Amino acid sequence: MEKLKIVETASYIPPKTVTNDDLSQLMETSDEWITARTGIKERHISLGENTSDLCTKVASQLLQQSSWPVETLDLIIVATMSPDSFTPATAAIVQGNIGAVNAVSFDVSAACSGFVYGLDVVSKFMTGRQGMRAMLIGGEVLSKVVDWTERGTAVLFGDGAAGVLLENNSADSYLLASVLKTYGDQHEKLTAGQTQPLTEFPPQTSTVIHPFTMNGQAVYKFATHAVPETIIAACQQAGVTVDQIDHFVLHQANARIVKAIAKRMKQPLEKFPLNIAKYGNTSGASEPILLDELVKNGQIKRGQLLVLSGFGGGLTVGTQIIKY
Ligand code: ACO
């Protein structure tokens, strides 16, 4: 399919760690409940750094690793559901911070599917543009949209950022399939940052930005059905079998979801790496954080077949097959 190649990966995790035991001091919960239901042991919380700060650190790291002159970047996309502001886009702030003067920059809003949606957008930008260079970063400061008194959602989320450099410069094909789907009729199943229009003028109250709300069981059911469907469709599109996939890099929302998907796909759990214990659900950042870890520790090697799969708010789902 497309010739875009993942050239580098990098991540930045804010240093402050909050354990399940820390949370049990704030709300009626326990390490036992959170671990059993989600697989999460701790998460990182950003103090004093916003989404663009995390993403800028990733961007600088990517440039340093690649030695690419910053002005050779043509495109910067940030996948986020927790941008610094409605406008400017977080990607524009990153572009300004690193001085990527030639890069068109904007955000993609597809929650936990943001990274795979962003990869699809990059591939379409790159079609027919030999030599084009892009940066795709998933970055989230979800802690600012969590209601820290609401145990049903507060225990799930964490902050972090990670990204990739992509280039269209090779004779080989790297993105073998891309299957994206949106179920907007279920948009109320997961919300964050909701606003209300004015009901009177002049207004008597100032704008409120609402925290996370989630129908956890509905999202769980959605993920365990929609992800396998898109994996099967992507394998068909790529002309490969599910057995040929080396690693399934799935969005880290819940270890139980990942295990249920592995079982449904009749694949060994070892092919489904998990790092949710350390980070919680970092939405658009979760897949690139996991990808970077697996590349850096040598588990993912050049030439291997990867499934990247995200699901979440929208509701959205997306799966890609990459030859790394
Ligand atoms: N600690 C202790 N008890 C809790 C907690 C907590 N943190 N949260 C809820 N409970 C209680 C509930 O009040 C309920 O008590 P009750 O039976 O007395 O009413 C009980 O635990 C069971 O609650 P459920 O919500 O039914 O628990 P469930 O087994 O469904 O697990 C969970 C909840 C972990 C949220 C699960 O539904 C899930 O993982 N869903 C998917 C969520 C997800 O992936 N979200 C992210 C999508 S990605 C994105 O776009 C951001």
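Each Cβ is built from the backbone N, Cα and C atoms, and glycine gets one as well.
TrEMBL does not curate its annotations; it predicts them automatically.
Small disclaimer: the values here were computed from a predicted structure and weren't measured.
Under a cutoff of 8 A between CB atoms, and with a sequence separation of 6+ in the same chain, the neighbours of Cys112 (active site) are Met81, His251, Ala253, Asn281, Ser283, Gly284, Ser286, Gly310, Phe311, Gly312, Gly313, Thr316. As annotated by TrEMBL, active site applies to Cys112 (among others).
In the three-state DSSP scheme, His251 (active site) falls into the coil class. The active site annotation in TrEMBL covers His251 (among others).
Taken residue by residue with DSSP, Asn281 (active site) is part of a strand. Annotation source TrEMBL lists active site at Asn281 (among others).
Look at TrEMBL and you will find 106-184 tagged as domain 'Beta-ketoacyl-[acyl-carrier-protein] synthase III N-terminal'.
Annotated domain 'Beta-ketoacyl-[acyl-carrier-protein] synthase III C-terminal' per TrEMBL: 235-324, in sequence order.
Feature annotation from TrEMBL assigns region 'ACP-binding' to 252-256.
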